[in-house]
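Record features (Swiss-Prot):
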type: DOMAIN; residues: 11-69; note: domain 'TRAM'
type: BINDING; residues: 82, 88, 91, 169; note: [4Fe-4S] cluster binding site
type: BINDING; residues: 272, 301, 306, 322, 349, 370; note: S-adenosyl-L-methionine binding site
type: ACT_SITE; residues: 396; note: active site, nucleophile
């Protein structure tokens, strides 16, 4: 049978301005309305608001719209305190007051746990911090604009690869913020600006760290300018050249003091961005676990020992397990640095069966997990076999927490406590802590 060419149907987007009423926020912080019974997502809109929107995307099951005007504002709406907020992709909830942000995140956490884990529970008090000056590390993008012959230093625009030039970031730790104007001036005079990659700034307790990603070796003139800048500002300087190799140039090795333990780290290592929330989080985790001096504790996804070392001060022995070998070595160094002798660290792929591993032969009544966004799939199924009676799960992704909760519930655990950790104020990013206790 002959086939005749049929042109694809092109649906035209109705771009006229349309009024809608926002019903609630979705889990990413966008306003949710309904247009012709179809879900419509509007960034920057708040529940209860009547707004004017223009469609930007219209799919079969949902649509997206640009906020044109707020016709009837919410009582929770506030003026953003950052001059870059309208363009920058870093924060997405500065238009919502602080109490509203916390309420939204708690509600989102509760809804996800009910939907995917079937668990409804009154939340513990949220763990919060100051909402400005809290970020002790940040990565800033660099791009040389050939047309304007100017360097762009800042953060990515919302839903774009373009860069918003930033000379002041209110959520950045003040001593890091102070570096931005002079750092921009320094790099704007770079001999080969097209080779600039990105900049990382980290605030340790003993030093500020500057990491420059550069494509290829630096010419002598640029190297001298950079080291002079680091010396004048008393910075620890690292270069990241080909293949992600980290090269220490000058300055003392950084460390941070966390709940009575000193954690040495490299800029390539993970440390929590919000120091205040991290410290409260560690204290809460230890309180929820209720560790006694006769118990062995297992810390999974242990990193540099953020939880492991404080746990070791309460337990008979602690085992920390981490997937990255370099982190294991550094965690071992941190234990020695703090003169803690009842802890051992191991490298392992925690997606695999660990029940036959040497460290798993002696059981653990108390277990703490702090996985990455992918969650603890694999090891979470083995917690009963490892002897766990009480489990604290620290999560940076409520969706994978809800998924992994199903495994724990099927093993005979019950959800005892649940709380929100506001690690990133003014963003929709949600972290949480859950306590599971074995029935009987």
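Keep in mind that glycine also has a Cβ here, set from the backbone N, Cα and C atoms.
Given the structure is predicted, the values throughout are model-derived calculations rather than measurements.
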PLDDT averaged over every residue in the domain 'TRAM' (11-69): 94
Per-residue Cβ crowding (10 Å cut-off), top of binding-site residues 272, 306, 349: 306
Nearest recorded site to residue 272 (S-adenosyl-L-methionine binding site) by CA-CA distance, among recorded positions 88, 91, 396: 396
From recorded positions 301, 370, 396, the one whose Cα lies nearest residue 91 ([4Fe-4S] cluster binding site): 396
Pairwise CA distance, residue 349 (S-adenosyl-L-methionine binding site) versus residue 396 (active site, nucleophile), rounded so that it is a whole Å: 19
Using Cα positions only, nearest of the recorded positions to residue 370 (S-adenosyl-L-methionine binding site) (82, 88, 396): 396
Alpha-carbon spacing, residue 322 (S-adenosyl-L-methionine binding site) to residue 169 ([4Fe-4S] cluster binding site), which is rounded to whole Å: 33
Around the Cβ of residue 322 (S-adenosyl-L-methionine binding site), the count of other Cβ atoms that are within 10 Å: 24
For the recorded positions 169, 396, the one whose C-beta sees the most other C-beta atoms within 10 angstroms: 169
Residue 396 (active site, nucleophile) versus residue 169 ([4Fe-4S] cluster binding site) - Cα distance in angstrom: 23
Residues that sit under 8 angstroms from residue 301 (S-adenosyl-L-methionine binding site) by C-beta distance, when 6+ apart in the chain: 321, 322, 323, 350, 369, 370, 371, 372, 376
Which of 82, 88, 91, all binding-site residues, has a Cβ with the fewest other Cβ atoms inside 10 Å: 82
Cα-nearest neighbour of residue 396 (active site, nucleophile) within the listed binding-site residues, 82, 88, 306: 306
Additional residues surrounding [4Fe-4S] cluster, by Cβ distance to the 82, 88, 91, 169 centre under 8 Å: 84, 85, 90, 94, 155, 166, 170, 171, 426
